[in-house]
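Participant: Input: one structure, supplied below.
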Amino acid sequence: MLRLTQFLKQQETPADLIELVNLLMAACKEIDGKLQDGALAGILGAAETENVQGETQKKLDVIANDILKLTLSNTNLVAGLASEEEDDPVACDPEGKFLVTFDPLDGSSNIDINVSVGTIFSILEAPNDSDPAQQAAYLQSGRKQVAAGYVLYGPSCILVMTTGNGVHMFTLGSNGEFYLTRESVQVPQTTKEFAINMSNQRFWDQPVKDYVADLLQGEEGPLGKRYNMRWIASMVAEVHRILTRGGIFMYPWDSRAPQKPGKLRLMYEGNPMSFLIEQAGGRSVNTQIDIMDVEPEQIHERVSVVLGSKEEVETVLRYHGN
Ligand code: AHM
Ligand code: MG
């Protein structure tokens, strides 16, 4: 079986990018270890802090963020980083070539119930003469990503990543090495499985209400097939399911926070997941355009997300008149 580094070399990935991915994986292995220790290490439950979005942080959100921050600050490859759990970007090495944005522990409401969570990352090049302590350096569209991926901490610890040459999956072995376990993953074009938090139904806009109402009618409705539903409340786990067997995942705008486009964040959730989904032949849109074409204006900006099997995502676009 091929090790991560061997595989990336075979793909002619630049040496500095391989080194950065390996550093990220060293941090993720440490996070995986903390998750496995769980209650034994006294690290479950809430921290006494909130992040910039006003969400209560879990202790493990803070621990995972600190692990990634420390790792990425100790290399000359990274000019700066931006994290869901940091109010402002953090400058690292002024000579660094890359910027890294990440959600250190996505789906963290699942930590205390021992259900899958993940780390999501996006790698950009640092623009010449930019200041990595300022958000302007990071405000690049998803099309500019040089690599993106996630690590799913589930029954197995799995890295899923792309450098723009397809999507590949690697499983962490007991010897601490990631091995290639699925190459060139493709999302099936059609699906009969959807994922949305149904408890928000009354807050959605009319096209989403209409589409989901039609899904629920199954073979008796206009979509003509019976659908199954899943909701794990962990985007990493949902995207992993979709990359594995197809499906559609939606976190659309809703009227609970009408001035925001949705719950999920563009720079470290929407863009990296969209890069993976597109590389695997799926689609990822904000109900109007491809998420990777959105020009970001703020580091913590939110985005409406509809991603997965291409034909199903395009059905949702049609409900929105697109
Ligand atoms: P987080 O980054 O604070 O963990 O929030 C993102 C998560 C996603 O993983 C998941 O899809 C969504 O929030 C679930 O939200 P909800 O609890 O509203 O269903
Ligand atoms: Mg999170």
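These residue numbers are counts, starting from 1, taken along the chain as shown.
Backbone N, Cα and C atoms are what each Cβ position is placed from, and that goes for glycine too.
Automated prediction, rather than curation, is the source of TrEMBL annotations.
Straight out of TrEMBL:
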- 8-183: domain 'Fructose-1-6-bisphosphatase class I N-terminal' (DOMAIN)
- Glu84, Asp103, Leu105: Mg(2+) 1 binding site (BINDING)
- Asp103, Asp106, Glu269: Mg(2+) 2 binding site (BINDING)
- Asp106, Gly107, Ser108, Ser109, Asn197, Lys263: substrate binding site (BINDING)
- 187-320: domain 'Fructose-1-6-bisphosphatase class 1 C-terminal' (DOMAIN)
Participant: Express the distance between the Cα positions of Ser109 (substrate binding site) and Asp103 (Mg(2+) 1 binding site) as a whole number of Å.
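Facilitator: Checking the Cα atoms of Ser109 (substrate binding site) and Asp103 (Mg(2+) 1 binding site) gives a distance of 14 Å.
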Participant: Spatially, and counting Cα to Cα, which of the binding-site residues is closest to Leu105 (Mg(2+) 1 binding site)? Options: Asn197, Lys263, Glu269.
Facilitator: Glu269
Participant: Of Glu84, Ser109, Asn197, Lys263, listed as binding-site residues, which ones have a Cβ less than 6 Å away from ligand 2?
Facilitator: Glu84
Participant: Max Cα-Cα distance in Å among Asp106, Gly107, Ser108, Ser109, Asn197, Lys263, the residues listed as binding substrate?
Facilitator: 16
Participant: Can you give me the Cα-Cα distance between Gly107 (substrate binding site) and Glu84 (Mg(2+) 1 binding site) in Å, rounded to a whole number?
Facilitator: 12
Participant: Within the chain of Ser108 (substrate binding site), which residues six or more apart in sequence place their C-beta under 8 angstroms from its C-beta?
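Facilitator: In sequence order, the residues whose Cβ lies under 8 Å from that of Ser108 (substrate binding site) (at least 6 apart) are Lys58, Leu60, Asp61, Val117.
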Participant: Counting other Cβ atoms within 10 Å, pick out the least crowded of the binding-site residues Glu84, Asp103, Asp106, Glu269.
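Facilitator: Glu84, out of the binding-site residues Glu84, Asp103, Asp106, Glu269, has the fewest neighbouring Cβ atoms within 10 Å.
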Participant: Taking each of the binding-site residues Gly107, Asn197, Lys263 in turn and counting other Cβ atoms within 10 Å of its Cβ, which one has the fewest?
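Facilitator: Output over binding-site residues Gly107, Asn197, Lys263: least Cβ neighbours within 10 Å is Asn197.
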